[in-house]
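Below is one structure, written out as structure tokens; comments come after it.
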Amino acid sequence: MTSSDTPSLRLASASPRRRELLASIGVAVEVAPADIDETPLEDEAPAAYVERLARRKAQVGAEGTTLPTLGSDTAVVVGRRILGKPRDREDAIAMLSALSGTTHEVVTGIAVTGPQGMLSTHVVTRVTLRELQPDEIEAYWRSGEPVDKAGAYAIQGLAAIFVERIEGSHSAVVGLPLFETAKLLTRQGVSLWGERPAVP
């Protein structure tokens, strides 16, 4: 293992997408998924919900390490209804049917523990999906992609063909808003871009 491969951050998530996004900005991580209760509180606003879960994941994930620890959570929101991961086929089809032809919000919370204590923020991105036909929704479910995705779709996967427009952070919809994440990591002393040779 080279020094640039040595983890500088603990990621309190099993999401391969979040790990890949962090790798894209040169941050090597060790993965320690945090298993927490993700039930929304009564009348909890979506932004407060995802930020609370991100903070709790970072707190749980930080146990037993001196590394800064990142927690994150994403929710798809229609009105004030929070859509998490679908429970089953029927739930996924109901979610995709509700999102069909709408502009909805994808709200992502991030939190990082470290020398500066617990730092957190959230990002709201507006996504417009075209009208989806019932046979498309069924075929998409059969692809297996919706199973572990908030709102039952993955913007970086097969569902990319459903997306008419994005207003905000594309990486946040994938799983981690890189601009805001980089700011929090820098404040906690985490180096970005790994150890890259200087440009002559």
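Just so it is clear, glycine is given a Cβ too, placed from its N, Cα and C backbone atoms.
Under the heading active site, proton acceptor, Swiss-Prot lists Asp73. Counted within 10 Å of its Cβ, the other Cβ atoms near Asp73 (active site, proton acceptor) come to 25, all protein chains included.
The site 'Important for substrate specificity' annotation in Swiss-Prot covers Arg17 (among others). Take the CB of Arg17 (site 'Important for substrate specificity') and look out to 10 A: across all protein chains shown you find 17 other CB atoms.
The feature site 'Important for substrate specificity' is assigned by Swiss-Prot to Thr74 (among others), with sequence analysis given as support. Spatially close to Thr74 (site 'Important for substrate specificity') yet at least six residues away along the chain are Val50, Val106, Val107, Thr108, Gly109, Ala150, Ala172, Val173, Gly175, judged by Cβ distances under 8 angstroms.
According to its DSSP assignment, Gln156 (site 'Important for substrate specificity') is coil. According to Swiss-Prot, the site 'Important for substrate specificity' annotation covers Gln156 (among others).
Non-local neighbourhood of Gln156 (site 'Important for substrate specificity'): Arg17, Val174, each in the same chain, at least six residues away, with C-beta under 8 Å from its C-beta. According to DSSP, Asp73 (active site, proton acceptor) sits within a strand segment.
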